[in-house]
Amino acid sequence: MAKNGNYSYKRWVFTINNPTFEDYCAVVEFCNLDNCKFAIVGEEKGEKEGTPHLQGFLSLRKNAKAAALEENLGGRAWLSRARGSDEDNEEYCSKESTYLRVGEPNRKGRSSDLPDAASDVLAGLPITDVARKYPTTYVMFGRGLERLRQLIVETARDWKTEVIVLIGRPGSGKSRYAFEFPAREKYYKSRGKWWDGYNGQDVVVMDDFYGWLPYDDLLRICDRYPLRVEYKGGMTQFVAKTLIITSNREPRDWYKCEFDVSALYRRINQYLILTPDGYAPAPEFMLPFKINY
């Protein structure tokens, strides 16, 4: 692409023939880590006529058009869209001598955003936010980033998860209540033992529950002690602050076996039933067992 093209790219190569002092100053001023992920500029001489020139490669943080970039480099640069990898361009621009080098190239098989993504994970940024911020890096290294979070960042639960149970007929607004419950992000637990996609969300929803988890597992989920839950390929800490369970049946009818369901009831913090004004706490006399103690 000629330098007068109206295209916008992040990766460019440039040549400045017979560079002046002002050209050197412009290149040095522009090639910094605020503008470039990686930049390398070499001093060369033409093979035929021996013309001195600067040969450079830029991997920019933001797309730039040729005209604007030419101005930033002093106004005399010939520009073209870069081809090949960062490493290929690094080798080409440093074949005679290297005048300037800033940042690090994107190595083959490695995302240049990986260190930043790892730093955000270590700082406690939720893994879903990391995925949104660095989608390509997450696609390539998501499992490793999640493992990093599990090993370094995760904390075990040492609080009582608040358990809210809603009992009502179909179509009475239980799922709507759970959907509108204030939370930055919720995790909807699917039927079965797997917790795929759970990444420490504060609110977990078990919608239309009727006993599809082992009873002892449910008791542990509703408790206050450290708990690791299983996803396909590993385990992670269960750290929900709130658990919302909706059902058409009362908890005492969730399991057919002879369990002591009072152990479940006492872990329930709020037991809500449908009233003319919406869902509200059930009167104590309506409950077969005492809750929240």
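Note: Cβ is positioned from N, Cα and C throughout, glycine not excepted.
Sequence annotations record features per position, and here Swiss-Prot assigns divalent metal cation binding site to Glu44, His53, Glu96. Glu96 (divalent metal cation binding site) has a Cβ environment of 11 other Cβ atoms inside 10 Å. Taken residue by residue with DSSP, Glu96 (divalent metal cation binding site) is part of neither helix nor strand, so it is coil.
In the three-state DSSP scheme, Gly168 (ATP binding site) is classed as coil. The feature ATP binding site is assigned by Swiss-Prot to Gly168, Arg169, Pro170, Gly171, Ser172, Gly173, Lys174, Ser175.
The domain 'CRESS-DNA virus Rep endonuclease' annotation in Swiss-Prot covers 6-105.
Summarising the annotation, Swiss-Prot assigns motif 'Nuclear localization signal' to 3-13 (among others) and lists sequence analysis as the type of evidence.
The motif 'RCR-1' annotation in Swiss-Prot covers 13-16. Sequence-distant contacts of the motif 'RCR-1' (13-16) (same chain, six or more residues past either end, CB-CB distance under 8 Å): 23, 27, 53-58, 69, 73-74, 76-82, 89, 93.
For 62-83 (among others), the entry in Swiss-Prot reads motif 'Nuclear localization signal', with the evidence type sequence analysis. A mean pLDDT of 94 is what the model gives for the motif 'Nuclear localization signal' (62-83).
Look at Swiss-Prot and you will find 92-95 tagged as motif 'RCR-3', backed by sequence analysis. Packing against the motif 'RCR-3' (92-95) from elsewhere in the chain are residues 13, 40-42, 44, 55-57, 84, 101: each is 6 or more residues past its ends and has a CB under 8 Å from a CB in it.
Just so you know, of the binding-site residues His53, Arg169, the Cβ with the fewest other Cβ atoms around it within 10 Å is the one at Arg169.
Neighbour density for Gly171 (ATP binding site): within 10 A of its CB lie 8 other CB atoms from the protein chains shown.
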